[in-house]
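If you check Swiss-Prot, you get these features:
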- 1-329: topological domain 'Cytoplasmic' (TOPO_DOM)
- 15-124: domain 'FAD-binding FR-type' (DOMAIN)
- 16-245: region 'Siderophore interaction domain' (REGION)
- Arg70, Ala71, Tyr72, Thr73, Asp87, Met88, Val89, Leu90, His91, Ala97, Ser98, Thr241, Glu242, Gly243: FAD binding site (BINDING)
- 253-309: compositional bias 'Low complexity' (COMPBIAS)
- 330-350: transmembrane segment (TRANSMEM)
- 331-613: domain 'ABC transmembrane type-1' (DOMAIN)
- 351-371: topological domain 'Periplasmic' (TOPO_DOM)
- 372-392: transmembrane segment (TRANSMEM)
- 393-444: topological domain 'Cytoplasmic' (TOPO_DOM)
- 445-465: transmembrane segment (TRANSMEM)
- 466-469: topological domain 'Periplasmic' (TOPO_DOM)
- 470-490: transmembrane segment (TRANSMEM)
- 491-557: topological domain 'Cytoplasmic' (TOPO_DOM)
- 558-578: transmembrane segment (TRANSMEM)
- 579-586: topological domain 'Periplasmic' (TOPO_DOM)
- 587-607: transmembrane segment (TRANSMEM)
- 608-908: topological domain 'Cytoplasmic' (TOPO_DOM)
- 654-887: domain 'ABC transporter' (DOMAIN)
Amino acid sequence: MARGFQGVMLRGLGARDHQATVVDKEYIAPHFVRVRLVSPTLFDEVIVEPTSWLRFWFPDPDGSDTEFQRAYTITESDPETGRFAVDMVLHEPAGPASTWARTVEPGATIAVMSMGSRGFSVPEDPEDRPVGYLLIGDSASTPAINGIIEVVPHDIPIELYLEQHHDDDVLIPLAEHPRLRVHRVSRDDASSLAAALELRDWSNWYCWAGPEAGALKQVRTRLRDEFGFPKREVYAQAYWTEGRAMGSSRGETSTPAKPAAKTAPAKAAAKPAAASGAGTPEHAAAPAAATTGAPQAAPAPGAAQPRTPVRGRWRAEAGSRLLAPLKKPLIVSGVLQALITLIELAPFVLLVELARLLLGGAEAERLWTLGLTAVSLIGLGAVLAAAMTLWLHRVDARFAHELRGRLLTKLSRLPLGWFTRRGSASTKQLVQDDTLALHYLITHAIPDAVAAVVAPVAVLVYLFVADWRVALVLFIPVLVYLVLMSVMTIQSGSKIAQAPRWAERMGGEAGAFLEGQPVIRIFGGAAASRFRRRLDDYIDFLVSWQRPFVGKKTLMDLVTRPATFLWIILVAGVPLVVTGRMDPVNLLPFLLLGTTFGARLLGIGYGLSGIQTGMLAARRIQTVLDEPELVVRDRTGQAGTDHASGDQARPGTVELDRVSFEYRPGVPVIRDVTLTLRPGTVTALVGPSGSGKSTLAALVARFHDVTQGAIRVDGRDIRTLTADELYRRVGFVLQDAQLVHGSVAENIALAEPDAGLERIRTAARDAQIHDRITRMPDGYDSVLGAGSALSGGERQRVTIARAILADTPVLVLDEATAFADPESEYLVQQAINRLTRDRTVLVIAHRLHTITHADQIVVLDDGRIVEVGTHDELLAAGGRYRGLWDSGRYSSPDAGRPVSADAVEVGR
């Protein structure tokens, strides 16, 4: 079978045929068929991800030897058995793919390739995920869209715009997602789909678009010009072209396909019949309708919409906004570096001229003049480079001083929940590593990148002036290098995207393995084996990826070595010199500068990598600077905020009034909670993991601001209290005891820095930790920190002493015995009983045994209060709490060991 030029190109790039046999086919809709196939070799090189696709070579319906390439998304896959399936739209008039799909029978075979497929993935770090996904397509791209919908987390909204070309398009099923909205758009012309996009703020959304080519062009223009989508936040690829039956064809007489056909599916497409109705039918048959209600239809292109589009802001552009004040200095530094690079190259040119004069027997005076000029240029280049570096360091010092001030001010105003969500390592990277990366970007990256680009270009121009024939030959190893790199990139496929995910996953596995060594060595044979298996899997991944490239990488290294360029120069130049067509002196610039030409070109990539690293750091810093702060509201005009009578005015009263909270817009984790904590009482929060216990308690301490409703302490909305005012009223003891680097006394007195030693000792005695402190080498002056020698229970008692000294009327307590060692659990419970005496306590209960004497037990489920009462009342009611109690298994995933028989319950 003939496949034409593109078939040859694909084979040259390393693509290989896999024979696939048809197993069966199933009509999903009258014009939409699923073909199931099996191939014994396909999954040896294919890694299936959402939107992954395969190239099929379809026979010519007219019976010629020509084969036609089409690409289709993988909708089902089983690598173990080699089975897979693709969904195909049956177009009229039918092209090669549609004809094959209509007539194929089980047992038929077809050639399949996997070259060029690009999978879709959701960032693993929640901080890097978009606010939502905007999906745009039609029946041809629906299989890929379904793959995306299936992997998008359920807390992320999806807006789906589907262009309707046929009445039966509504019968094609869509994947389910709780936050999916479907907009059906009738096609009047190529602009219909773009015109239907909602006028709204699309800030930090990601767009995946795969409609017909004409519609895609209009969509991309509107996304860019009206909504401000940055290029990197849009994946756009036409899945077919209206009016072109073949899309892209290959054969002995066919025209080569467009390059785009190599990188994304181009479905075979004659113009489908347009939908007859003028309206926009709703997708009644989609599974999503069962979970989201009737999907929202898009407005018709002519429907009234707001006239002014809203240009969004994306995290991808945050780095540019942060560096905007440095735009002029960075441009000036680039121009200066270009000039300095030319000055530094000039002595080499003069050296060549000096050699010419020496060979020509020139006078000594001319030689001295030329030599002194070269030396002067070397000195001038060094002085200018030093002056520019000094100036850039001054610019960086001023910018870094101002930026660190802004960053520290911002960190002091961020909610505490921001820090608990990110962790100390991420914050350290922000303050230390990212600011250091910015230093390199400002002072070195731009000059390095400019020098890396200007130097080889200037050398190339000079060599072409010296002799264009030899200069042209120097491109041979460069082209070999680029071709090999392209082949490796294409053959790597989805493994390029998988590599950083593997590295991140193994970093986490290695950290957990090292941290858990004491337990793993004693009990953890399975854990150690699991880590070794993961490590073996990672090594297998790297070997399977890199082993086929050993020969290519060796050749790439050889063709870019100076010795290779020297041989090429000699092979090309010597015959020209021997035959008298080239002056021997003209070989000198090639011998001086041409041998390093390859290294100079490769330096461009290294120079640009510094800019990329710096821009990523700038993006992370600006993203933090854009985070919403905890704002202290003005009490004036805050209706319903303050109360001046009754229990609500008594110290220690906490009221939650119709409180709701969302980490992500539209995904509530606390739902309409109303609750009162009376002064001097203990309220326990219980419920299954993920019910919202910790989140609700964190809201009382204002780790986050409520989305709706209000929380009042002593009758005042906590949003009207400064941090100092709030934390004089509300204290908290976390399950993970936090100590700072400092003395024992300093750790206990964090909330009261002016407290005398006697008060500190009294608090320590009440917390049952005084005797342990006195046994330490320096007593209360002993230095503690994250790696102190105190046991878990002893560290918890230090934090309890801190809370006792703070003496807040309200206390949020994350059950502190969950990690206590057996020797200290009783002491921790005694300390808690002293701490909770005569205070309003909200305790997050991980074990029901510890809160049986609480004044009020609140049972949460899915962010809602489902039961409230005392232990006896809730047992008698026979509801959710009774079920938890009877099961005897209630505990959080981190609850630790069973409670000891001597444990003292909170509230007793």
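Keep in mind that glycine also has a Cβ here, set from the backbone N, Cα and C atoms.
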Problem - Criterion met for the transmembrane segment (470-490) and the transmembrane segment (330-350) (at least three Cβ pairs under 8 Å) - result: no
Problem - Residues of the parent chain within Cβ reach of the transmembrane segment (372-392), under 8 Å, 6 or more residues beyond its termini - result: 329, 333, 336-337, 339-340, 343-344, 346-347, 350-351, 354, 442-444, 447
Problem - Residue distribution over DSSP helix, strand and coil in the topological domain 'Periplasmic' (466-469) - result: 3 helix, 0 strand, 1 coil
Completion exercise
Per the Cβ filter (under 8 Å) with a sequence gap of at least 6 from its ends, the topological domain 'Periplasmic' (466-469) is approached by 572-573, 576, 582, 586, 589-590
Problem - Glu242 (FAD binding site), number of other Cβ atoms within 10 Å - result: 17
Handout entry: Residues of the parent chain within Cβ reach of the topological domain 'Periplasmic' (579-586), under 8 Å, 6 or more residues beyond its termini
Key = 352, 355-356, 359, 466-467, 469-470, 573
Problem - Other parts of the chain folded back onto the topological domain 'Periplasmic' (351-371), taken as Cβ under 8 Å at six or more residues beyond its ends - result: 585, 588-589, 592
Completion exercise
Mean per-residue pLDDT in the topological domain 'Periplasmic' (351-371) works out to 80
Problem - Arg70, His91 as binding-site residues, winner by CB count within 10 A - result: Arg70
Completion exercise
Densest Cβ environment (other Cβ within 10 Å) across the binding-site residues Tyr72, Asp87, Val89, Ser98 belongs to Val89
Exercise for the section: Kindly assign Tyr72 (FAD binding site) to one of the three DSSP-derived states: helix, strand or coil. Expected result: strand
Problem - Helix-strand-coil residue split for the topological domain 'Periplasmic' (351-371), DSSP-based - result: 18 helix, 0 strand, 3 coil
